Amino acid sequence: MTIETPQSETPKPSALRRIRLLLWGVVAIAAVVSGVLWFQQRSTAPTAAEKGYASAFGGAFDMIDQNGKTVTDQTLRGKPYAIFFGFTRCPDVCPTTLSRMAALRKQLGPDGDKFNIVFVSVDPQYDKPKDIGSYVTLFNTPIIGLTGSDAQIARIVKAFKVYYAKVPVEGGDYTVDHTASVFLMDKDGQFVATIDHKESQTVALDKLKRLI
């Protein structure tokens, strides 16, 4: 007795065509999804204006720069800027962040001159204009250093919603805890984005390119 082995039917031409169309549809959808994800990653983040956060950070302030001159929020307008809050005796985050900003500016080449770097001291007791001046020169890039009275500093940190607090240490001295993010502001003084100290250099550089 002969046992016949069941054999699968060969799909008809119309069925093959439907299968091919289905497969191409899946490929097309995958390509679109991949493209959207790639764009989102390259964009790093929508601008604050796009998200409705443009007025979330920033506002009126007046400070004193390293040359003893008054600098206000209006003074800084006309050119985008990256503003960071810290203090000159900061042992780690401040020098690391300012060194990083200097390196990013260098990576941008000629475009690095299209934005300002601003460093605001939250330690008015110790950081006078001359101290700020000596400090910012250590980073070998133009930095606008700002300090002021307790009232002036209270005003600017309130505008940028920055946290800072004195922390006593041994020997009667103190250190200062503070927000570690860099705020990116456009030429009109509107908030655009932040650079977090944990973000990669690539992401930070892309944000600066979008800023300028």
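Cβ atoms are placed via backbone N, Cα and C, with glycine included.
Annotated Cu cation binding site per TrEMBL: Cys90, Cys94, His178, in sequence order. What TrEMBL lists as disulfide bond is Cys90-Cys94. Residues or ranges marked as domain 'Thioredoxin' by TrEMBL: 52-212. Feature annotation from TrEMBL assigns transmembrane segment to 21-39.
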Worksheet item: Once near-sequence residues are set aside, which residues in the chain of Cys90 (Cu cation binding site), 6 or more away, have Cβ atoms under 8 Å from its Cβ?
Response: Thr175, Val176
Item to complete: State the three-class DSSP label for Cys94 (Cu cation binding site), counting H, G and I as helix, E and B as strand, and everything else as coil.
Response: helix
Worksheet item: Within 8 Å of the Cβ centre of Cys90, Cys94, His178, which other residues of the chain have their Cβ, at the recorded Cu cation site?
Response: Phe85, Gly86, Phe87, Asp92, Val93, Thr97, Val122, Val176, Ala180
Discussion item. Sequence gap of 6 or more, Cβ distance under 8 Å: name the residues on the same chain that satisfy this around His178 (Cu cation binding site), in order along the sequence.
Written reply: Phe85, Gly86, Phe87, Val93, Val122, Val162, Tyr163, Tyr164, Ala165
Practice prompt. Average the per-residue pLDDT over the domain 'Thioredoxin' (52-212) and send me the rounded value.
Written response: 96
Worksheet item: Among all the protein chains here, how many other CB atoms are within 10 A of the CB of Cys94 (Cu cation binding site)?
Response: 21
